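The Zn(2+) binding site annotation in TrEMBL covers 52, 54, 108, 111.
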């Protein structure tokens, strides 16, 4: 691509976003004249969504939620690490200030982060981040190694990664203390499939995991 073509392409792809934004704002106002008045009044989301940064999984679009209905955090492979001040701050704010009722950890089949973690390669700066997924493999090594089909093993690791990140959310003081006082939020684990566009509920037993975790990680006092 010639230098002039690159310059034109960058300008067009930049301007396209603003064209779409103007159309969206016009359509919203036409369908609900009070939409932006209500949006300006503040947010009271029911959900905290912790998902993958993959550009193909926009939380609101795949769930049918409107602006203001979900507080969203995304990172590579939807990880919840206790040393990551970003996600820890998001959870604390969502639970203690926004009073969300549900926390969803949503992974997706075909996750590049999970696949990279299964690859025996030095990935530089990504190594410490992806090690969290490799630790998930280590925790469930016997189950995963028993799956002969590589694609099926990959899908199962995606699910187990979601399961372990749900556990990490439940380990937080904000979630434990809020649930003890208010009986919410409840934490869920879901996986999105590109092949059919559907969300799969992993049916994680929040109450059972909370009880098990609090044998060691009880932070309600």
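Backbone N, Cα and C define each Cβ position, glycine as well.
Here the structure is a predicted model, which means the values were calculated and not measured.
The Cβ neighbour count for residue 108 (Zn(2+) binding site), using a 10 Å radius over every protein chain in view, is 24. The Cβ neighbour count for residue 111 (Zn(2+) binding site), using a 10 Å radius over every protein chain in view, is 25.
Excluding 52, 54, 108, 111, which define the Zn(2+) site, the same chain contributes 51, 53, 56, 57, 77, 78, 107, 110, 112, 113, 114, 158, 192 within 8 Å (Cβ to the Cβ centroid), listed in sequence order.
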